[in-house]
Amino acid sequence: MPTTTIRVTGGLLALAAVVAVGGCANRGGTSEDAADYPSKDITLVVPYQAGGASDLAARTLASQMEDTLGQSIIVENRTGGAGSVGLQHLAGRPADGYTIGYLPVETVMLGFQGYEVDPASYDLIGQMVSVPATVAVPTDSPYETLDDLVKAAEENPGSITVSNSGAGSIWEAATDDLGESTGTEFQPVPFDGGAPAVTAAIGGQVDAVIAGISETSPAQADGRLRVLAIFDDQPSESLPDVQTAAEQGVDVVIGGWGGIGAPQGLPEEVKASLEEAFAAAAGSEEFTTIITDSGNIPVNVPAAEYAEFVESETDRFEQLLSDGS
Amino acid sequence: MSPLIEGFGALLDPTVALCIAAGAVLGMLVGAFPGVTATMAVALASGFTLSLDPIPGLAVLLTIYVAANFGDRVPAILINTPGTPASIATTFDGYAMAKQGRAGLALTASAFASAWGTLVGIALLMVAAIPLSQLALNFGPAEMFALVVFGLTMMIGVSGGKITKGLMAGVLGLLLGAVGRDPITGVARFTFGVPELSEGIPFIAAIIGLFGIAEVLDQILTHRRSGVTPITQFGKWLPTRKDWRTMLKPLAVGSGVGGVVGVVPATGGDIAGILGWDQARRASKTPEEFGKGSLEGITAADTSSNATLGGSVTTTLALGIPGDSVMAVMIGSMVVWGIQPGPSLFANQPDLVYSIAGIMLIATVLTLGISLLRMRGVVKLLDLPRHFLWAVILVFCMVGTYAISNNIFDVGIMLAFGLVGLFLRRFGIPAGPVVLGLILGKLAEGNLRRSLEIGGVSNILTSPLAMTILTISVLALVVPPLRESWKRRRARTRATQPDTADRDTLTP
Amino acid sequence: MSTAPIPGTGEGSAPEAARTPSRLRELVPALAGLAVGAAALVLSMQIPEGNRLTQFSPRWWPEGLALLLMGLSLLHAGLSWARPRALEAPEEATRAGAVRLVAILAAILGYGVLWYFVDFRVSTAVLFAGLTYIGGGRGWKALLIFPVITTAVLYLLFGVLLRVPL
């Protein structure tokens, strides 16, 4: 054994030399002086799979923020647990600005669904994307307006089936919200993902679907779905003929969103430079074009306003998710 | 005709050729790497391809998609580890063939079958995309539930003759599939407060453990210094004329099964491979060989799982609904390029559809070529002494599994399933039904309950499509034993007429 | 794997090849099945109902499966006791093999700990060397060159190309 140990140690030295070309270790690291932040690569944690809408928004923003910060931003997809795994990982990283993360609407929902996620564990940098909810029906549906749909539900509460992307998703919550605000009840049918939920409505297996604007607007454009309302405070360019719910007398504004945050307790200067880089990136033409093309709505909400918004969202979901029974 | 010429013509650009070549190499590499799936590779590549034009970008992504479905067969055959879930059924006969010293034939037959399956799928895409995609829309929760029930009848087939043990394994798989948040109410089941389990047991980690790791652990446990290493020769490489004739029927069966499964949204090559394998077994003159190194078995599995590719692309393009997880990622890229998948795509940009088919066609031919050329080098790996091979398989599987979600938890699951697989193996319990249960469990329960939420039991009873499939499922369960006992009785009273003509007619 | 069944096992006497009579051996999977089924049943009965009442309780599916598994296990125990069959016995485990298996699992566990503290490139090379040593590899090629090369390949592929946070 001793000879082996010596050999192994020798091997390690050789190995270190071999892989030194591969770049420096990207693990650990003590807090650097905040004044010369950033002095090394920054990691951006995305709690969802590579290739999805959240990942696209995060990666696009990251490549824009690199320009201002002058350091590489490495996107890390830490998936699982409906996003809670990645969010918990982010919360547990040192608050030195070298780990930031993508915060989806689930950040304020998961805590009320049995996960250990608390929006207070993050310093918020800014919000960059908004995905308002929409309600759509098959083209041959008898319901022409949101009012028709609500009336049908009032006549026979629970008879109108509304598909959504999954149990506990924001779109299921939106279905409950719509029911509560109109004093009636819809029957949510959770599917395994947004696309199957939209398909079920196109195929006529359910009466309606509640999904994000990026999922319903293409189907409306080529005549497979009829979007009845958009749950936003203003109409969207991608759904030009569709009124908001408020315009139709139903005061519901709900949807998904995405922003950037960091572990709570960032040094002031670090937070300031992140906010500055964020604002420049979220306002850049490249970012807004890509997000618009993907069907969602780019926004550029600064930290303070974003923090207020997150607070109000937390209150909303606390109500919506805990009195579902 | 002109969109066809225009579409194919767009591929003459040398950049496209370069992109296809790069995609092919990358795709085969990630396919061959257990744990790294085509979905992951396409997702990561799409980060780079967004800056390209649509056609070269699609060339990279689609070629990765096609090539990964060739590359994943290699570890399935050589080390019993599916490179991606699509090659689960390849292990059934491929590894058995390799152990018999027929790895060469297994690899080439698999490559030819995969290529044929892909081509059938592409042909479907070019000829019948719109009507096929309309068919897909008829698959609501009730119909999906019926289809999954039909899938569950395969439990018997993949039990390899050990019915009670096979069914026990299948039910264990279904139970494991129930781990995670409930699909309808969202309450946690069997998660023990572990957030990683709330989306269920990580599937890829589980299959790598059950097949690959279990095999290595078994070898470690039983290896004798004096014992001969099983795979030292690869036998002949090219199928003989007789082999080709044997492969004809499974090629046909696999194409049919894969084509249909591919069109149904949210089902992919993993289910299709097993389904094609089981249907070919039922249709075969030598069903007892299946699972023990049957050329028919590997041919059917690979044809079927690759025939889903065209179907997935079809539903994706014609409906704007991702046909599988790779396509879900690809839709994201296409939308950013300003290509909106959906029925209007065929009306507005028919040339683009042909370009896509053309890319897949070139990719298939190129990948088949690489597969046939390169195999001899790859199989040399198996000449390595056991201790190197074990270390490489164990560590590469661990790192590959870690990369799925960048979480050690998945590696732990993989190792745990390796031990479970070792236990199953030592007591002669087939692992195939466990995997089948894992794949189908969530789909079965989710779709059943979804259709109950939509319209109660009558939602299923009033769907002609669902009831037809359910009837076929019952027949698939009942007919073979009846036929068996009838045959036995006839054999007992056998006096005059020989029975040969009626063996393979009762395929559901 | 698919060797011909041993003659005479129908009577439960298998003198050749030292194969265990199937009766006792087959009880192991049956008992394991019963245990898993019972555990699953107990756990499923504790699953809470969701906020919203549904047509089909979240408990029913796992409960049904657990009962089914227990039933099948009993059936299997009964059948294999009544009609013991020749086992397609897997290759016999060796004592050295068992030691090797435990050592390899321990090495992997150790790696999990080591990786936490030491850089991936170092810990993985150590693991490769350890696994090779346990597997029977000796000499500087097996314990030095091989770990370094394989680790470098892994690191290039995953750390550099795929940008996996190792």
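Heads up, the Cβ atoms here are built off N, Cα and C, so glycines get one too.
Since we're looking at a predicted model, the values are computed, not measured.
Per TrEMBL, transmembrane segment is recorded for B:12-34 (among others).
Under the heading domain 'DUF112', TrEMBL lists B:18-436.
Annotation comment: TrEMBL describes B:40-68 (among others) as transmembrane segment.
Feature annotation from TrEMBL assigns transmembrane segment to B:105-130 (among others).
The transmembrane segment annotation in TrEMBL covers B:136-156 (among others).
Annotation source TrEMBL lists transmembrane segment at B:163-180 (among others).
TrEMBL lists B:200-217 (among others) with the feature transmembrane segment. Sequence-distant contacts of the transmembrane segment (B:200-217) (same chain, at least 6 residues past either end, Cβ-Cβ under 8 Å): 34-35, 37, 75, 79-82, 84-85, 88, 91, 95, 176-177, 179-180, 390, 393-394, 397, 400-401, 404-405, 409-411, 413-422, 424-425, 431, 434-435, 438-439, 442.
Annotation comment: TrEMBL describes B:317-340 (among others) as transmembrane segment. Within the same chain, residues 38-39, 42-43, 46, 49-50, 53-54, 57-58, 61-62, 65, 125, 129-130, 132-133, 136-137, 262-263, 265-269, 308, 311, 346, 349, 352-353, 356 sit at least 6 positions outside the transmembrane segment (B:317-340) and bring their C-beta atoms closer than 8 Å to a C-beta of that stretch.
Residues or ranges marked as transmembrane segment in TrEMBL: B:352-375 (among others).
The annotation transmembrane segment is assigned in TrEMBL to B:387-405 (among others).
Marked as transmembrane segment by TrEMBL: B:411-440 (among others).
Within its own chain, the transmembrane segment (B:460-479) has Cβ neighbours under 8 Å at 138-140, 142-143, 145-147, 149-150, 152-153, 156, 282, 451, 506, 508, counting only residues six or more beyond its boundaries. According to TrEMBL, the transmembrane segment annotation covers B:460-479 (among others).
Sequence annotations record features per position, and here TrEMBL assigns region 'Disordered' to B:489-508.
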Item to check | Chain residues outside the transmembrane segment (B:40-68) and at least six past its termini with a C-beta under 8 angstroms from it | outcome: 10-11, 13, 15-16, 19-20, 22-28, 30-31, 83-84, 118, 309, 313, 326, 329-330, 332-334, 336-339, 352, 355-356, 359-360, 362-364, 366-367, 370, 403-404
Next on the checklist: Pairs 6 or more apart in sequence, C-beta under 8 angstroms, 3 or more of them: is that satisfied by the transmembrane segment (B:411-440) and the transmembrane segment (B:352-375)?
Outcome noted: no
Item to check | Residues from the same chain, set at least six apart from the ends of the transmembrane segment (B:12-34), whose C-beta lies under 8 A from its own | outcome: 40-41, 45, 52, 55-57, 59-75, 81-84, 208, 212, 359, 362-363, 366-367, 370-371, 378, 396-397, 400-401
Checklist entry - Do any residues of this chain, six or more beyond the ends of the transmembrane segment (B:136-156), have a C-beta under 8 angstroms from a C-beta of it, and if so which? => result 163, 166-167, 170, 263-265, 267, 271, 274-275, 278, 315, 319, 321, 433, 436-437, 439-440, 443-444, 446-448, 450-451, 454, 459-460, 463, 465-470, 472-473, 476-477, 480
Checklist entry - With the transmembrane segment (B:105-130) as the reference, which stretch in B:163-180, B:352-375, B:387-405 has the largest tally of C-beta pairs below 8 Å? => result B:352-375
Checklist entry - Which bits of the chain, at least 6 residues beyond where the transmembrane segment (B:352-375) starts or stops, bring a Cβ under 8 A of a Cβ in it? => result 3-4, 6-8, 10-11, 16, 20-21, 23-25, 27-28, 54-55, 58-59, 62-63, 66-67, 70, 74, 104, 107-108, 111-112, 114-115, 118-119, 122, 125-126, 129, 237, 309-310, 313, 317, 339, 345-346
